[in-house]
Amino acid sequence: MLLRAALLACLLPAAALAETHEVRMLNRNATGPMPFEPDYLVVQPGDTVRFIAADPGHNAATIAGMIPEGGEKFVGKIDEEIEVTLDAEGIWGVKCSPHFTMGMVMLIQVGDRPATEADLPDDLPPAARQRMLEILERRKAD
Ligand SMILES: [Cu+2]
């Protein structure tokens, strides 16, 4: 029986090893004003993302048109620390609702496929699109 338990432990799916990742909502950092930090996160399906209200006045919410198939939208309250578990594989777009038009956005890659420009919907506010393109450029440079 012991051997069997050990064997099962080796075969546990990745979900059993789910991690929690932290994202801070800030007024400013080296990338500019109103950032999520980090602004590009790679996680595995079943991982949790904790949004921390490090500076006041922000929230974290999904962007319409940037939720992978099977995923559910989420909307945090202003100044609220929220945790979301992301099961749906693909690229998730996250915004701060009051600062969306100022470009306060981030991308979360769930699974192995990196985000590309094709993941950005046409109706993003210009500053949000600009920030996302900068995020993608920075990823390429890394
Ligand atoms: Cu904000």
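Positions of Cβ are set from backbone N, Cα and C atoms, glycine also.
A quick note: this is a predicted structure, and the numbers were derived from the prediction, not measured.
Database features, via TrEMBL:
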type	residues	note
BINDING	His58, Cys96, His99, Met104	Cu cation binding site
DOMAIN	25-110	domain 'Blue (type 1) copper'
SIGNAL	1-18	signal peptide
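Here the binding-site residues are Cys96, His99, Met104; the one with the fewest Cβ atoms within 10 Å of its Cβ is His99. Apart from the site residues His58, Cys96, His99, Met104, the chain places the Cβ of Met25, Met34, Phe36, Gly57, Asn59, Lys95, Ser97, Pro98, Phe100, Met102 no farther than 8 Å from the centroid of the site's Cβ atoms, the recorded Cu cation location.
Across the domain 'Blue (type 1) copper' (25-110), the model assigns an average pLDDT of 97.
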